[in-house]
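Visitor: Dumping the structure here so I can ask a few things about it.
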Amino acid sequence: MIFSLKQSNVTIPVFSSKIIDRRRNHPEQFSVLPPLSNPKASKISIVSNSKPLHVSSIQTFGSLRTLLYAGWSPKSSVACNAYEADRSDAEVVGDKIEAARRVKIGVYFATWWFLNVIFNIYNKKVLNAFPYPWLTSTLSLAAGSTIMLISWATKVAEAPNTDLDFWKSLFPVALAHTIGHVAATVSMSKVAVSFTHIIKSGEPAFSVLVSRFILGETFPLPVYLSLIPIIGGCGLSALTELNFNMTGFMGAMISNLAFVFRNIFSKRGMKGKSVSGMNYYACLSLLSLLILTPFAIAVEGPKMWAAGWQNAISEIGPSFIWWVAAQSIFYHLYNQVSYMSLDEISPLTFSVGNTMKRISVIVSSIIIFHTPVQPVNALGAAIAILGTFLYSQAKQ
């Protein structure tokens, strides 16, 4: 800040002879400032050393006591003009930190979407040859758990410091994650990948409804209006889907609801915890694996798995083993990156990013698997995606 102090014009009336004589005889009694040899106004420049405050140009006219005799007032003679010289260092640093944070989130989102596309391709290939979604889901969690246990044991990643309270708060998250994961896998085993993800693009609608009626949160009217094209587009796609299957449709719907709860519980559970997003998902995988394994054995069982495995190997060959390994590893990697993103964003923003990710999944699966798509079906998908975009804008 720079302050410019200027003395206003002062008119000094003619003094009486008594006053002049007294001043000449006893100048030291009445002069606060030293007498000036130069009759012209002297200029004193004072510059403060405290940035960004600068005080410039104070003009004096004779002694201060003389001006007081003339009726001079300090309040009427000082004009202060201030302006912001430059932005503070804290603001500049804050802007740089925010820009770096946005770049990091963008990298997370791009990596997350790419890994998810790879996972969906291999997951569908596995399910086409090996239609056992419960075992496939279990293998995905087992691969991720194994990767993280090895990383902690070899010090590649720092092991989390957890306690009993942490695992208690993690349990509802793991339960919701298990249900959503299995439901999505069951859906993709019954219908096309594109159809599953079109239905799952309605996740923001579930997120808003859950946040409104269960968590008590309210949203602006445009947010609620943006749900209309999302729900309408998903419904239109479902009605015109050539390979519609009720089990596949319900699986996608249940997955939507379960993952909304997972995201909300995850955000709550991660608050105040020293566990990073990567380790948080690793612990989530371990607990989900413990929850899912007995149910997978009860629903399908080792006998069905052995027969199905032999059949897949005879039809596909050894490459089928690579498919299973790839879908399991990429499932863990894309979820791990998504939880690293959740460290930085809100659950609703996470749902928006998750929905926008489905565009790349839908397009790539249609191209790779040559999925037949009717114009009306494509229109429904476009409307749902447009609704998601409007939703994200309304949230901003």
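Placed from the backbone N, Cα and C atoms, the Cβ positions cover glycine too.
The domain 'Sugar phosphate transporter' annotation in TrEMBL covers 104-392. Look at TrEMBL and you will find 105-122, 134-153, 246-265, 277-296, 316-334 tagged as transmembrane segment.
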Visitor: Could you pull out which residues elsewhere in the chain have a CB under 8 Å from any CB of the transmembrane segment (105-122), counting only those six or more residues past its ends?
Guide: 188, 193, 197, 323, 326-327, 330-331, 333-334, 337-338, 340-341, 344-345, 353, 356-357, 360-361, 364-365, 368
Visitor: For the domain 'Sugar phosphate transporter' (104-392), what is the mean per-residue pLDDT, to the nearest integer?
Guide: 87
